[in-house]
Amino acid sequence: MSATAEDLACMDRALALAEHARGHARPNPAVGCVVTQQGTLVGEGWTQPPGGPHAEVVALERAGARARGATAFVTLEPCDHAGRTGPCTRALIDAGVARVVIAAADPDPIAAGGRATLEAAGIDVTTGLRADVAREQNAAFLHPLETGRPLLTVKLAVSLDGRIAAADGTSQWLTGSGTRQRAHRLRADCDAVVVGAGTVLTDDPRLTVRLDESTRQPLRVVLDRRARTAAGARVYDDAAPSLAIVGAEADAGHLVDAGVGVARLPAADGDGDDAGDLLAALAMLGSRGVQSALLEGGARLVASSLAAGCADRLAVHIAPVWLGDDGRPGAVGLDIRTLSEAPRFGLESVARVGDDAVLHCRAPAPVPDPGARDPEPHAPHGTSGGLRPGRGAVPPNTEAG
């Protein structure tokens, strides 16, 4: 059955609500829910921080008795397990909801099975409406479940000729203050920031989030196979959690003695492989609950991410300056002999920030949602179409729950 304009408007509203949970619901997915009764909105909400109610529960509480016989629009398949909160499937069933429209399926083996449980209870269930939008909204949640590693964004600040520093190594500041603020936002949106040992030895960065508003700090990760970094490096200070990932046989006693967190890569033949090290490190981070990571260099590590095919997103900040042939390139060691071997990305957005250009790209061919179809163009998030607001709608600029 094709989606109606009302269905599309309701799901777009649910997707807009889910944006309120982005960054606040982690490690849970950002989910929005809208409950309607004969075309009138009677309840809505989004997932609260861990330990708080999920989107469906918030929306159903707002709907109250009006949820009986209603339709619920949910951006991700309702969970079917009792974690910190009860299963959302049970809340929908107990509320007497007659129909549930789901954007994207949940591949989490712990939480999955919601659709089957709802259908077994006699509820009419439709899946796949706006699935592509919902999957992108929760890419950081879904990607580790489907690949075993965090969603990786590679960030580069480069000149017009693709250089990250001048011949003498100077790079501060290549881009403007507005662009650098965006870089801090990228850090804040990720669970971990990853750099190579060379970056620490050369620049001694802190890798912290420095924004006006209060925010949590991501895990700072140094990929340092030979344990070359000093325990006194700023990346290992107390401003944020940190982790050095070293080789299996590396002498990391100076780091351990100083209280630096250390993890070891699996043993490798010879000197190891940069791309293999990065993949192993990402798998290690995934096993520790890291859902998204930002790779900030150096040039060899950037090349490794491209060679390994694990650069899922690119954030390229371009300054209107030319650094010449002797400037330091953004990627070193990437063996590309012909155009057909070059990694290609899809351009998602281009923005001007001061005098800089900011490009966001993504790797092609994302994992599809099985059975999902979303051929209709969708309205911008937050538009209501033919949806009539009722007493269960969230007032503007207020939080649900």
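Cβ from N, Cα, C; glycine included.
No curator has checked TrEMBL annotations; they are predicted automatically.
Marked as domain 'CMP/dCMP-type deaminase' by TrEMBL: 5-116. What TrEMBL lists as Zn(2+) binding site is His54, Cys79, Cys88. If you look up TrEMBL, you'll see Glu56 marked as active site, proton donor. The annotation NADP(+) binding site is assigned in TrEMBL to Ala157, Trp173, Thr199, Gly298, Ala299, Arg300, Leu301, Val302, Ala303, Ser304. Annotated substrate binding site per TrEMBL: Ser171, Arg187, Asp203, Leu207, Arg210, Glu296, in sequence order. The region 'Disordered' annotation in TrEMBL covers 362-401.
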Just to be sure I understand, if DSSP states are collapsed into helix, strand and coil, how many residues of the domain 'CMP/dCMP-type deaminase' (5-116) fall in each?
40 helix, 25 strand, 47 coil
Within a 10 Å radius of its Cβ, which of these binding-site residues (His54, Arg187, Arg210) has the fewest neighbouring Cβ atoms?
Arg210
For Ser171 (substrate binding site), write down the residues of its own chain that are at least 6 apart in sequence and whose Cβ falls under 8 Å from its Cβ; none is a fine answer.
Ala157, Ile164, Ala165, Asp203
Report the member of Cys79, Cys88, Ala299, Ala303 (the binding-site residues) whose C-beta atom has the most other C-beta atoms within 10 angstroms.
Cys88
At its widest, how many Å does the recorded substrate site span between Cα atoms of Ser171, Arg187, Asp203, Leu207, Arg210, Glu296?
19
What is the Cβ neighbour count of Thr199 (NADP(+) binding site) at a 10 Å cut-off, with all protein chains included?
22
Give the residue from the recorded positions Glu56, Asp203, Glu296 that has the most other Cβ atoms within 10 Å of its Cβ, counting over every protein chain displayed.
Glu56
Say you check the Cα of Thr199 (NADP(+) binding site) against those of the binding-site residues Cys88, Arg187, Arg210, Glu296; which is nearest?
Glu296
Check Ala157 (NADP(+) binding site) against DSSP and tell me helix, strand or coil, would you?
strand
Confidence summary (mean pLDDT) of the domain 'CMP/dCMP-type deaminase' (5-116):
92
Rank aside, I only need the closest one: which of the recorded positions His54, Glu56, Ala299, Ala303 has its C-alpha nearest to that of Arg210 (substrate binding site)?
Ala299
Which residues in the same chain, at least 6 apart in sequence, have a Cβ under 8 Å from the Cβ of Leu301 (NADP(+) binding site)?
Val194, Val195, Gly196, Thr199, Leu223, Asp274, Leu278, Leu295
